[in-house]
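According to Swiss-Prot, the feature peptide binding site maps to Gln165, Leu166, Glu167, Pro293, Tyr294, Gly295, Gly296, Met297, Glu298. Annotated Zn(2+) binding site per Swiss-Prot: His322, His326, Glu345, in sequence order, evidence recorded as sequence analysis. Residues annotated as active site, proton acceptor in Swiss-Prot, with sequence analysis given as evidence: Glu323. The feature active site, proton donor is assigned by Swiss-Prot to Tyr411, with sequence analysis given as support.
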Amino acid sequence: MINRLIQRIVPFSRPLSTVKKTMLTPFLESKRPQQSPEYDYSTLSNYKSFQIKHTTLNFLLSFEKSTVSGDVVFDLTTLKEAVKHIDLDTSYLDVNEVLVDDKPVEFKIEERKQPLGSKLVIAAELEAERQFKLRVKFSTTKDCTALQWLTPQQTSGDKPYMFSQLEAIHARALFPCFDTPSYKSTFTANIESTLPVVFSGIATGSTPNGESTVYHFKQDIPIPAYLVGIASGDLVSASIGPRSKVYTEPHRLDDCVWEFSNDVEKFIKTAENLIFDYEWGTYDILVNVDSYPYGGMESPNMTFATPTLIAHDKTNIDVIAHELAHSWSGNLVTNCSWNHFWLNEGWTVYIERRIVGALHGEPTRHFSALIGWSDLENSINSMRNPEKFSTLVQNLNDGTDPDDAFSTVPYEKGFNLLFHLETVLGGPQEFDPFIRHYFKKFARQSLDTFQFLDTLFEFFENKREILENVDWETWLFKPGMPPKPQFITTMADNVFSLVNKWIVKAQELKTTEEFSKEFSESDLSEFNSNQVVLFLEELVAQNCVPVESKIEWSKYSVASESLLSIYKKQVTESQNAEVVFKNYKFQTTARIQPSYQQLANWLGTVGRMKFVRPGYRLLNAVDRDLAIATFEKLKDTYHPICKQLVKQDLEL
């Protein structure tokens, strides 16, 4: 059992007690919500009526039925007003019984309000400041959006597998809860399964129970419901650092150990130097099965990760730096609603890149930012509703599904705002004390954008004129691309030079022999995998190419096929999923027809939405029949969220 680390006291430029309330700019004040933290309209619960002390989860996992059943117990206190009912979020749950202080009470499940689920209304006459225990007995159903259950045939071994994905509003599909990032609780979990279990907390032991085992966990730092993470399957583990293990299926263990060993502890120490000590005790990684829909999920103590990180060259490990950074931004300091998601993800990308910069140099940090800028452009250009979803501060108060708003915007637009602030305020030496101040001030709390702004203006009171000159309207509330910061482009310039050479020679040379004399495999030998990714992306986007020189690759088949032949080792034979995807993007753009079926086959081996969704869009653009047939064949192997979003992308 590992006790929570005690947070180191970090010196600030002035004591918190001396901070005075500072007005923002007139424009920002006109946008200020009536209350801060702003109310979360993505929950149906009456979370504002109670203070929560602790949550206990008692779960039984049934692979045979593909269900989780059991109960959840909340230790609650009413606030200064009496209440007549307790409202919880549910979604596709069967609720069997509700007890207040061990006494059964009446309840009803209201009609479903898509996409927010069904409100569970519990009759309870409770006076002000009353402490009580609320127990709800429940079971998930076949329509559960929080879990994916895999048969042995869908895994890499002979055992079934299950995992949860609760962000943004799917905790309510796993257990009745106050499903809002505004509401944080410590947790105890007792999870019974026939296979090993991992959880977003620290393991405290296990108890045999016939053919099953009850696995016990605790989470002593308050977290919101969406950060609860559960997985169960044929899991084994190995050490990858002094406070870290990796968990995965047996056949992947050696690759995972090689990929992650030594680097994870470096990441933790670098982040601690930037902010303050890691508070969660252990930092472990679960490398999930192929159908896992995200790059990673920052479940406290147990990062859930995609197997596409295993690139066999350590180049994708920056995703772990991202999920680790969430230990401060998102997990310790949390957005109060999904309108302010950038406070989680923008800060996390910023910290991730500070880690990368500290370990590999500032040009590497800036190169990562350039890649992110390109991703942001692609994301906004492909949005169905950029007017609504490309603003940094979102407005989901009309009941919009936060999953529909999910994009690169909160990550990259958020990062670029923080990078811009770092730059105009005087660089890291000026900005770093604010980072520590911000995370210290809001630790274990949830906040909105205006609380961030208030803290920023208060801390940099002596630089108010600089902050007043920031175009806050464009950065926070306008759709589209933000102003582009100045990046160090050294690593990108080498890529852009090679791209431009290919564009020119594609129009001049006519035979594969001529291309082989002009280009060679060594062109890419000094590039890291991220530079290869940018190279392939820029061959398609041609943002670095003069307008009058841009080409359509489909008209230059000899050039495109020569390129793939010359760079076979670094491109077509790569095991790095980032490179593989960009390779297919180039080939489909060049209308190389054999690649269509190859891409379709590859979509059956990955579940990460970063690749699956644009992969289907690429396929749809060149062969809609193949795209639809491939999706119909594979749809039940994807996570429910991924399946639904691809269905929307294909307009099915």
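Backbone N, Cα and C atoms are what each Cβ position is placed from, and that goes for glycine too.
Reduced to three states, the DSSP call for Glu345 (Zn(2+) binding site) is helix. The recorded positions under consideration are Glu167, Glu323. Their Cβ neighbour counts within 10 Å are lowest for Glu323.
If you take the Cα of Tyr294 (peptide binding site) and the Cα of the residue listed as 'active site, proton acceptor', they are about 11 angstrom apart, rounded to a whole number. Comparing the Cα of Glu345 (Zn(2+) binding site) with the Cα of every entry in Glu167, Gly296, Tyr411, these being the recorded positions, the smallest distance points to Tyr411. Taking only the Cα positions, the spacing between Gln165 (peptide binding site) and the residue listed as 'active site, proton donor' is 19 angstrom.
Non-local neighbourhood of His322 (Zn(2+) binding site): Gly295, Gly296, Thr348, Val349, Glu352, each in the same chain, at least six residues away, with C-beta under 8 Å from its C-beta. Spatially, by CA atoms, the recorded positions Glu167, Glu298, Tyr411 include one closest to His326 (Zn(2+) binding site), and that is Glu298.
Only Glu298, from the recorded positions Glu167, Glu298, Tyr411, place their Cα within 10 Å of the Cα belonging to Glu323 (active site, proton acceptor). In this entry, Gln165, Leu166, Glu167, Pro293, Tyr294, Gly295, Gly296, Met297, Glu298 make up the residues listed for peptide, with the farthest two CA atoms of the set 14 Å from each other. Counting in whole angstrom, the residue listed as 'active site, proton donor' lies 14 from Glu298 (peptide binding site) by their C-alpha atoms. Other than His322, His326, Glu345, the residues of this chain whose Cβ falls within 8 Å of the Cβ centroid of the Zn(2+) site are, in sequence order, Gly296, Glu298, Glu323, Ala325, Ser329, Gly330, Asn344, Trp347, Thr348, Val349, Ile351, Glu352, Tyr411. Contacts of Glu298 (peptide binding site) defined by a Cβ separation under 8 A and a same-chain sequence distance of 6+ are given as Leu227, Glu323, His326, Ser327, Gly330, Asn331, Thr348, in order along the sequence. Under the DSSP three-state reduction, the residue listed as 'active site, proton acceptor' is assigned to helix.
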